[in-house]
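*Asks:* Okay, these came from TrEMBL:
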type: ACT_SITE; residues: ASP133; note: active site, proton acceptor
type: ACT_SITE; residues: ARG135; note: active site, nucleophile
type: BINDING; residues: ARG54, VAL55, HIS56, SER57, GLU58, GLN75, GLU98, GLY99, ARG100, THR121, SER156, LYS161; note: GTP binding site
type: BINDING; residues: CYS59, CYS70, CYS72; note: Zn(2+) binding site
type: DOMAIN; residues: 12-177; note: domain 'GTP cyclohydrolase II'
Amino acid sequence: MHDHDIPLDDIAEADLVTRRGTFRTVAFRDPVDGHEHLALVRGEIGKRDGVLVRVHSECATGDIFAALRCECGDQLDAALDEIVREGSGVLVYLRGHEGRGIGLVAKVRTHVLQDEEGLDTVDSATVLGLPVDVRDFGPAARVLKYLRVGSIRLMSNNNDKVRALEAHGIAVQARVPLLVQANDHSIRYLTAKRDRLGHELPHLDAHSRSGFGAAGE
Ligand SMILES: [Zn+2]
């Protein structure tokens, strides 16, 4: 059942030529969270099954400025590359998701605690009295329904994201791992995501074994 459809007055579509070629941009204002989000669509996806999809939470520091302390920017690039390689797919870019939904100011405040107190991404939020994850994936489900995708293959390491989309009525045929190389600055963050948030990140073991940045960081 459709909980909320996006009003047509709150959607605009146009072609967008990028370094990776042409995508269809679907900008929309979500009727529930009020944010303006964006879907980038490649190829024919309507009524198809197994459409390759990335639902990406905005991260200004990682996505725009290529910060190395998280893997967001690399995942964004890798997901777009995969969609281009496949020839079709959707990247949904969700606003209002900074720091798993706590906002940019609060996120940077957690960075201070991580750098100065050695807290991880979870504890640095809870010490500040902030929730660990308050992201709403409803907007992604709503735009995927608007695009009439049949079922999706979700590029993610996070099974909670699969469950959230399914709860909003999206059929997830498979989860496709989206593993990017860890570096000395991101390894602690990624390890906390694996150990404390349940993300599937099997490649981190190889990073530790390589000794590259494993000690002293
Ligand atoms: Zn990030």
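Numbering starts at 1 and runs along the chain as displayed.
Just so it is clear, glycine is given a Cβ too, placed from its N, Cα and C backbone atoms.
All TrEMBL annotations are machine predictions without curation.
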*Asks:* Work out how many Å separate ARG100 (GTP binding site) and CYS70 (Zn(2+) binding site) at their Cα atoms, rounded off.
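*Replies:* About 12 Å separates the two Cα atoms.
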*Asks:* Of the recorded positions listed here (CYS59, CYS72, ARG135), which is spatially closest to GLU98 (GTP binding site) when Cα positions are compared?
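*Replies:* If we rank CYS59, CYS72, ARG135 by Cα distance to GLU98 (GTP binding site), first place goes to CYS59.
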*Asks:* Listed binding-site residues are CYS59, CYS70, CYS72, GLU98, ARG100, SER156; which sit with C-beta under 6 angstroms of ligand 1?
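*Replies:* Result: CYS59, CYS70, CYS72.
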*Asks:* What's the longest C-alpha separation between any two of ARG54, VAL55, HIS56, SER57, GLU58, GLN75, GLU98, GLY99, ARG100, THR121, SER156, LYS161, the listed GTP-binding residues, in angstrom?
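*Replies:* Across ARG54, VAL55, HIS56, SER57, GLU58, GLN75, GLU98, GLY99, ARG100, THR121, SER156, LYS161, the two farthest Cα atoms sit 22 Å apart.
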*Asks:* Between CYS70 (Zn(2+) binding site) and SER156 (GTP binding site), find the distance joining the two CA atoms and give it rounded to the nearest Å.
*Replies:* 15
*Asks:* What whole-number Å value do you get for the CA-CA distance of HIS56 (GTP binding site) and ASP133 (active site, proton acceptor)?
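*Replies:* Counting only the Cα atoms, the answer is 14 Å.
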*Asks:* In the predicted model, what is the mean pLDDT computed over the domain 'GTP cyclohydrolase II' (12-177)?
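*Replies:* PLDDT averaged over the stretch: 97.
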*Asks:* Fill in the CA-CA distance, CYS59 (Zn(2+) binding site) to ARG135 (active site, nucleophile), as an integer in Å.
*Replies:* 13
*Asks:* How many Å separate the Cα atoms of ARG54 (GTP binding site) and CYS72 (Zn(2+) binding site)?
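*Replies:* Given the Cα positions, ARG54 (GTP binding site) is 12 Å from CYS72 (Zn(2+) binding site).
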